[in-house]
Each structure stands twice: as C-alpha cells, then as structure tokens.
C-alpha cells in the first residue's frame, strides 16, 4: 500500500524552479561548434549607418544574427528568454502632451546543453504621440539590442568580430557582388507555384528476341468473351426494304438476262458495221478519234430482245442497244449537241485502238442511213465501244451480296455481269416509310394546297420539241420515238420560285396584287377639285325655298 502523502508526489510544485531538459554535447560536436564560432563574418553580413562626428558605425542586422544562430546551433539548438524589463523614465510634455521614455531589457540565450549568456539592451523614444506607441517601440528596440549582445558572447561568427577595428579596416575594402534573385528559392503557395511538366523519357523500342518455340511456354488461353446482345434493340425498327436490297421474290417484274444471252447477242451481229456511210457521217479518221463509251452494267444486262427492264427515268424510250440507247437519251433529253469529233478537238486524241470493222471507214459508233427501216445493231465485243483493257464496268452492289456468295465459288463472274440480288436498286420503295396517299413520290411535281398534284398545262400546237436527231427521220416508214411532253416556256420556275419574274401572289385567276408594281414608281393620282358656286351675301325676306340650307328659316 502507498504510504500516506504519496498521492501528492505526482504533482509538481509550482513554486520550485523548473529544471530544463539538458542534452549534453559530445566532444566532437563541441569541437565543431568551436570551429564555427571562431570564424569571422564576410562583408555581405555587415551593415553600416551614420554615427556621431560623421563616422560610419558597422553592425550586424538582427535578421542576419538570427539566421547565423540557426545555422550554427540549429533551429532547435538554442532559445532566448526575457529576464527583466525596467522602465527608466516616462516624460509627458505639458503643452503638446507628447511622450518620451526609456527602458532596459535583460535577455538570456540558452543552448541545448544548458549553456546560456545574458546581456542588457536599451530602448527609448522621444516626442511620441501616444503612450502605447512609445512603449511598443522602446520595448522592441531594447529586446533586439539585448538579443544581439547576448549572441555575440558566443563568438565572432555571431557578431563579436564587428568590434575588431583591424578586421573592419580590411573587410570593408572587399566588394560585395550583388546576389542574383532566384525565383525557384521562393516558398510559394501551391496554387501559385509554377508546375513544370517533366516529360517522361521515351524508352527505345525493344527488339523482339528470337525465342525457341519448343522451349517457350504456351500462352494461357484467353478468357471467354461475354456473349454480345442481339441487335434487335438497335435494328428492330428497320425493315429489310429500308436497305434497298433487290429481292428476286419481291420484284418479279424485273428480269435479268442470263450470262449466255450476252455472248449470243454480241456474236450474232458481226456484220452490222459493213453498211454504207451516209454523206453526213464523219470520216474514218474522225471515228477513230472518238472516245470509246463505256457501257454501264445496266446496258449490258439489256439485250436486243427488248425484254422488260427495271424502272428508269427514261422508260418511255425504247433502247436499241448500249450505244444507240445512250445516244438517243442524250439527244432527246438535252437537245442538239455538237458531234463527237467537234467536241473532242480541244482534247488530245486517245491512243488508236484496233478495230476489225474498218471497211468503208465506218465504226461501230456510227449509225447507217438508208431508205429501209433501221435495225438495232449492237457492237461486237471486240469493237471500239468496249471498255479499254484494265477498266471494268462500274455498278453499285448491295452489301448483302457478299454474304450470299457461296464458299466454294472458285472463279469470279465475268466482268459486266451481275446477279439480280447483287445489284443496288435506287428505285426500291420501303413499305415502312410513311407516304401521303395520292402523291407520286417518284417525280418532282407541284402540289396544291389541297394535297393533290397540280394538273399540267395543255401543250400548245407545235409546242413539243421535235427530234433533233436527223438520223431518226431520214428513213421511210420509220416511226418517231414517243416524246415526253415538254413544259411551256411561259411556265414559271417551280423548283426555284425566287427566280420567277412573273410570280403572282394570291389565288390563281384573282385580281393582280398591288405589290406586283413594287419596282416602278407611279405618282399619286390627283383629282382636280371643282370650283365652288357663287353664294350671295345678302339675306332674303323670307321668300327663300324651304330646301335652301344657306337661307335663314323664319318659321
């Protein structure tokens, strides 16, 4: 059991002196400190001020002394304490009420091992406006002075060397170079500090070393990938017809010739080029300089048999062959055009091509003129109208045609042929797209406000365009091709109404709009006012007529 009174032993007596914690220096640390303290300061640590009799007084500033103490002893190797502050005098002027006072301060500097030095410092002020300001200035001055005097007791490096006149006479002659300000040495806030992005060094590419396949360990199998969700959520709203895929079952009216029909149709017309040349036909040299026209894939699919064809813009024109059909379409749709040899004068002639049908200077592109009915003579495969070597006919195919190619297909189909499922049909109509009933969506025609097509204006007599091709009208008994009705020249521009100069505003057939004369100036019509009738100033004796408003009524 504890003895009586032991419970009070744990509490320190506040009236006893506190023994500081002492950490003894080793002999090596004492020798190191002694060496540092004996060294003298350089000229960069000294400062000078004007003293009595015009002399310079050298001293060490307080901030430099504190920095030297932290450098020599360490920031936790020394401490300072104020031992006493005593006011010597305080005087107040009776008239101005200004304060003058003086006081002295005793400061002790203690090291880690308990070694300390004390010294006195003095502070004063004269004619200060207030007492608080006077005491603040005097106490700070006395404390700083006492601290510097206490630190100089430790050695030369803390300011004691300043009292050596021989040392001052030599050190003041040294020139101090101005220090270069370095921004990197500043302690900056994290938000304002400049962050230099250090680029990571790129490692050189590692060359793959040849490894022995027999000794190399096999790679672990890859983890199975999760099964992908079905695309019903993504493509469920679309229909197969939206992709414009030609389906043989969905379009039974489109017929495609088999592959053997192309060969039979081209081989059976080898003697068609021996017809006589007309007076207006170009010479043989001009025909050889014509550019060969490449038949498209749609032309190759249509033979001279005249079978039904897919929907095309010019379905009313009966095509007699690849070359004849293309020439007729160009002449009927675009009017008169210059001949090929005139159009090609500005361009360099293409290299000559081998043509087997050179008799009488006629080429496969020329159309014969005769008294009998014209015959459709498609050019042979070896004529000049065929595509040059290395060029293939251009056509659009469906993306689904690749999936329908069998895996055992060894040879590709011959150029110029295509299956009905592979061709891309731009005229395919999708049943999933909403369309207004009663509107023809295959053509661009004006629509009235009632939602119906505007009927076309009747064609005037002779208003249709005549066939500009002289070869179509040269033969006897040859019927002209049916022409599409051409719109009247007085008809306004429907596609671009802003370019129509005869545009009218309002309902058709109504009165002219007053805004139609906006581009002309018309002066306002001024009607001449009739003169006033003469009215007598005198009054009558009451004999006036009762209907006269100018006379006074007596009754």
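Glycine is no exception: its Cβ is also placed from the backbone N, Cα and C atoms.
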Which range of 133-137, 138-142, 143-147, 148-152 is DNA-binding region, per Swiss-Prot: 148-152
Per Swiss-Prot, the range holding region 'Disordered', considering 161-196, 197-232: 197-232
Helix, strand and coil counts within the DNA-binding region (148-152) (DSSP): 5 helix, 0 strand, 0 coil
Arithmetic mean of per-residue pLDDT over the DNA-binding region (148-152): 96
